[in-house]
C-alpha cells in the first residue's frame, strides 16, 4: 500500500513538472510584451482557481481570524509579484538563467526559516547555500556585459520572494491554497493593466496565452499541490530540478535559444548542490523511519 502511494506521488510530481517545464516556451511563443503576458496569465489563472474554489468551497479550511486572512492576502500578493518577476525575467534574459537562479529559492527559504522561525540550518544546507551563491555569481558574471543582467536581477528577486512564500506556507500550512492562487492571479492582472495592451495582440498570441493560463499553469500547479500528499516535500523538490533542465531545452527546440556557457557552469554548481542536499534529506528521512520502526 505504501509503495503504491509513493508511486502515485512520483507520477503526479513527474507529470506536474513536465507540464510546468513548458512555461518559458509558451511565454516566448506568445511573442508579446511582459505586461500583456502578465495580464492574461494572471486573469486566466484567477478564473480557473476561482472556479475550483467555488466547487470546493465546502471542503476548504478558511482562515478563522483576521491575522490569518491578512497572511493569506500577503502570500497572494507575493505570488502575484512573483508572476510579474518571472515573466519579466524570461523576457529579459535567457530561459536557462531564469530557471537556474529560481532553483535556489528553497535555499533562501532555509535562510528565512532560520531568521524568522528560528529553525537551525543544517551543515549540508549551509554548504548548499554557499555553493548556490557561487553558482549565481558565476551566472551574473556572464551577464554584466549584456542587457540580460536586468532579467537576472528579476530572477534573483523572484527566488528571494519565493523563499519568503515557502517560509510562510511552512509556518502557516493550514492556509487555503486555491483562493490564495486565485487572488494572486487577480493581483498580477491588476498590476499589468496600466502598461498592457491586452486587446490588440496578434491572433496566434491569444492561443499560446490561453494554453498557458487555462491549461498548462493550472494543471501543473494542481498536480504539484497533490504530490506532497503521497511523497515527502523533499522528493517533490527533487522532481522540480527536472524543470530547470527541460525548460531551456523546450525553448531551444522551439526558437533555437542557446544557453550561455557561464550559465551552464553556474547552473551545474547550483543543481549539484540542491541535488546533493535533497538526496541527503531523503536519506535522513529514511534513517528516521527505520529507527522509528
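Quick reminder: no glycine exception, Cβ is built from N, Cα and C everywhere.
In TrEMBL this protein carries:
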DOMAIN    8-140  domain 'EamA'
TRANSMEM  12-31  transmembrane segment
TRANSMEM  37-55  transmembrane segment
TRANSMEM  67-90  transmembrane segment
TRANSMEM  96-117  transmembrane segment
TRANSMEM  124-143  transmembrane segment
TRANSMEM  149-169  transmembrane segment
DOMAIN    150-276  domain 'EamA'
TRANSMEM  176-194  transmembrane segment
TRANSMEM  206-226  transmembrane segment
TRANSMEM  238-255  transmembrane segment
TRANSMEM  261-283  transmembrane segment
Secondary structure tally of the domain 'EamA' (8-140) (DSSP, helix then strand then coil): 108 helix, 0 strand, 25 coil
The domain 'EamA' (8-140) [mean pLDDT, rounded to integer]: 90
